[in-house]
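Enquirer: I have a structure here, written as structure tokens, and I will follow up with some questions on it.
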Amino acid sequence: MESFLSLKVPLILLFLVHCVAAHGRHGVGEQPLSKIAIHRALYALHENASIKVEPVLGTKGEDSQWVTVELKHPEPSQDDWVAVFSPANFNSSSCPDDDEPRQQAPYICSAPIKYKFANDSSAGYTTTGKATLKFQLINQRADFSFALFSGGLSNPKLLAVSNIITFANPKAPLYPRLSQGKSWNEMTVTWTSGYNINEAVPFVEWGLKGESQTQSPAGTLTFSRNAMCGAPARTVGWRDPGFIHTSFLKELWPNTPYTYKLGHRLFNGSFIWSKSYYFKSSPYPGEDSLQRVVIFGDMGKAERDGSNEYSNYQPGSLNTTDQLVNDLNNIDIVFHIGDLPYANGYISQWDQFTSQVEPIASAVPYMIGSGNHERDVPGTGSFYDTNDSGGECGVLAETMFYVPAENRAKYSTDYGMFHFCIADSEHDWREGSEQYKFIEKCLASADRQKQPWLIFAAHRVLGYSSSYWEDGSYGEPMGRESLQKLWQKYKVDIVFFGHIHNYERTCPIYQNQCVNTERSHYSGTVNGTINIVVGGGGSHLSDFGPVQTSWSLFRDSNYGFGKLTAFNHSSLLFEYKRSSDGKVYDSFTISRDYRDVEKKMEKSLLLLVLLSLLGLALAHTNGFGEQPLSKIAIHRTTLALDNNASVIVSPSLVGLKGEDTEWVTVDLVSPNPSSDDWIGVFSPAKFNSSTCPPENDPKQQTPYICSSPIKYMFANHESNSQYASTGKASLRFQLINQRADFSFALFSGGLANPKLVAVSNFISFDNPKAPLYPRLAQGKSWNEMTVTWTSGYDINEAVPIVEWGRQGETQSRSPAATLTFDRTSLCGSPARTVGWRDPGFIHTGTLTGLAISYLKAERDGSNEYSNYQPGSLNTTDQLVNDLNDIDIVFHIGDITYANGYISQWDQFTSQVEPIASKVPYMIASGNHERDWPNTGSFYDKTDSGGECGVLAETMFYVPAENRAKYSTNYGMFHFCIADTEHDWREGTEQYKFIEHCLASVDRQKQPWLIFAAHRVLGYSSDYYYGLEGAFEEPMGRESLQKLWQKYKVDLAFYGHVHNYERSCPIYQNQCVKSGRSHYSGPVDGTIHNQCVKSGRSHYSGPVDGTIHVVVGGGGSHLSTFSGVTPRWSLYRDYDYGFVKLTAFNHSSLLFEYKKSSDGKVYDSFTIAREYKDVLACVHDSCAPTTLAS
């Protein structure tokens, strides 16, 4: 380690020397105010020299105004200059006590805020001694005076001082800066004023335009000279920063315009107001809407009056600002990744900068990154030991601008379909550092289904840049060494950097090699990360190296900025625009599907699982049946229209009284009837080849049909047994509102060789777009409920809301986020092909601050679901009948068995609506929701029919940051819901989540600890688990049982196996309690292989194990049991049913298994115990001394 450090440290120092020299050579120059030797100023007042300024400022509330300065000097010189001081009093009385005494008085110890040479606009000044200058002043909380100096900047001599001028209200609230908050529906507003909190209370008044406004309080920060780390910030550059206020505007409606204004309530009851501003709130994470992001670095600030000779320092700054202002209607969020004003310790320049960007930052979030000119000071913890910040050491940047960071300037933020990880290049980022861990966590947390576009950004070039050619690394030393493997591992799309003042784009690259030959359009898997330098925001340009590297695709030594436009989850456009004209000079697009970016599992990891599951997969095929719609060979349809055949459906308009489901009658006539004739229901009603996606293969036979019906029924169904003889039938179908019209088609030839004979009239619901099928779910806190529903209304057409409150009292309105997805979001067939149907728009509203407290089937007999999910309706009906005695429902996977036929999700949400609209309906991920090869699911099978989790995770809300694992509390219960379709084994991210979830429970408040997952990670004597020999999912309990034992999990629930079974309290295959129906005290073991309690129906005291329960008999075809009955299996039932837990208090729990056919209890047990029983040590959780005794 010593040799490593001894090599690396000199390398850094050598490089920094090189960089400083290079920047000087490239023309970056010094901070203009630093050129003034203000401490050397001499007193040389001349009675015939004069300087006068007018007018009075801000009489109409302006925060910026031009003034005219007239000066006379009888002995003019070309190096005479005029300085602007604020505060106006700049003599020695304003100097800090700790400054060194000077013999010359007065001496000046504060730099001016700007300056101009006297001959700037008066070429004859050196002859006439007269000049008129124009300055632009902004309100900076103090008065102003102007001073005439001779002797140039290096030997200033004070000749004359002007009158004092001031703004009408120097303390006015000004320069608002918006920023993303710590959640997607929060916006922060930061501004500057002269009002201390002891003088006035700061707040923001805000709301929807034209509606009642809300007032949100603001926090207030400031800092003193002592907070600075060195000169000039502590000395000549110091200026009082005023007071910086930040208010948090919460629970915003997504993508909605708001108005706001800044306010201060004085203690005499009067108010000080700013002007009104507006912004549009952020989209919901994953929302499919147009989203536009601008990103650049190193802009700096400039003076529109030409003062400070900034034309020699940051010549492109105003052009960049103006282009962004001109295009503001097409910008949603801005990232300025370091080197903001280049104040370099001259504090007054931060006001100038916030004023310059105010037209942008007041309207869209203005997110910043930390750069060397904000942070670096020797000996203060910055990674680079230079004084680039002029003593500011990050205080100004971190106070003047808000970022959603816990510490320092690194943070993550979501914006719609984007996930941003913003690093702080001024602190160590290398492997093993705290920041490296943050970066990996940020990248890993991206949910690529919701946020497909993953962006990394930092100030210094931690990737690739041709301007680093002299060093040989073509990047910051040690920059990409640690990070590039993270970018590759998490498939980062683009990384952005500043620091180098030009524009450059690389190919998709990894380890110095281009991994994609495209230049301007990338489709499918990109295989590497595109590096882009966007440091040409405004400061002096940097040269490129003489070598044209193979990975550098486009270079431009000019001022400009980058812009990202996400059109949807599959299409991203990048543009580089020059600041001079706003035109595009470089661009590329990325087009891809979710499957292209989802991580692929290692085949070696899956081999054992696949071999072990082969028998189970066959069993599912033989026992559970196919999805009924998959039996229809819809692509093989031929045209056989018969003029004498007819299909008539009535009524033609349904839902006239607001119904969302209605029965219709279909009368059909066929001159050539057959027993295999059938009726297909299509929605949308138009189903010919014009609706097929362009990528479908052309067919010779027309029309061909490329979308499956939403349901079907044979013509001879039930009372139409004579159809084959008469050619006439009358069928009844139940339709639900699915956002489109319907038609009915008569086919002959059976399902395998369909021939289209006749098509009906079209019918429709009165309002096809109506909001329907609400699904409640627990929020992320106990007093939060979410409501998810489906409609046909896009956010551009209508704003979704939930109106709610106590019955009979004033109702509140909460905004709702909106999600949808397109065909390309799905992973394979049939979901992308014949099973595709537009899902509409899925809205989720969150109701906060609340006060204290199975499967789909067709009721009309269509789709032959009686052969597929025969128990589904019985289970649903029993839950509806018992709804007054149910508080929350958990459906642990295999929800609809849609298997890629998207229409079936509407059918399911309609079926469970009576339940899900009344109580939280919590789901878990099953194989029929998630599994698809090469998309990251643990099992490499096609059980989801190409849905790959998109439908389940969009249609239902769970309080999870990523994927389908989550924890939730309900009163005395604590639930840990695992996701068996992703790896759960020890060492994985999910294993850590499970342990954290179990460890986080407070057993005094929530004594009943429940684990649930779809696949049987515990114990089951199902026939095929018996054949496999483990009586569980392979590798299921191997890692988890020690966690269940350690944290004393009471019950573990599973589905997947379609029957009911309960084990004794068990640990390591052994029953650990003799009771069978009553458990009292600590359970001390999870029911698996060995029972740890001999009881069967009542358990009291320490139970010593966990009870395992299979509850997979919600409705799908039943699974047979093994011929062997393990001794840990206390009760088995080959029937449909569900389980109910009733907690009477902290000491008493009742478990009941009810059959779906009659709702009666067929198995039950109780647990009675005290809190001390949960604390008692159990197997594998006792201290060694306890075990020895």
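Note: Cβ is positioned from N, Cα and C throughout, glycine not excepted.
Nobody curates TrEMBL annotations by hand; they come from automatic prediction.
Residues annotated as domain 'Purple acid phosphatase Fn3-like' in TrEMBL: 56-169, 648-767. Look at TrEMBL and you will find 176-280 tagged as domain 'Purple acid phosphatase N-terminal'. Here TrEMBL flags 292-503, 869-1060 as domain 'Calcineurin-like phosphoesterase'. Residues or ranges marked as domain 'Purple acid phosphatase C-terminal' by TrEMBL: 528-587, 1105-1164. What TrEMBL records for 1-22 is signal peptide.
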Enquirer: Can the domain 'Purple acid phosphatase Fn3-like' (56-169) be said to touch the domain 'Calcineurin-like phosphoesterase' (292-503) if we require at least 3 CB pairs below 8 Å and skip pairs under 6 apart in sequence?
Expert: yes
Enquirer: Quick one: find which recorded stretch in 176-280, 528-587, 648-767 has the most Cβ pairs under 8 Å with the domain 'Calcineurin-like phosphoesterase' (869-1060).
Expert: 648-767
Enquirer: Do you know the mean pLDDT across the domain 'Purple acid phosphatase C-terminal' (528-587)?
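Expert: When the pLDDT values over the domain 'Purple acid phosphatase C-terminal' (528-587) are averaged, the result is 95.
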Enquirer: For the domain 'Purple acid phosphatase C-terminal' (528-587), DSSP counts of helix, strand and coil?
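Expert: For the domain 'Purple acid phosphatase C-terminal' (528-587), the helix, strand and coil counts are 0 helix, 30 strand, 30 coil.
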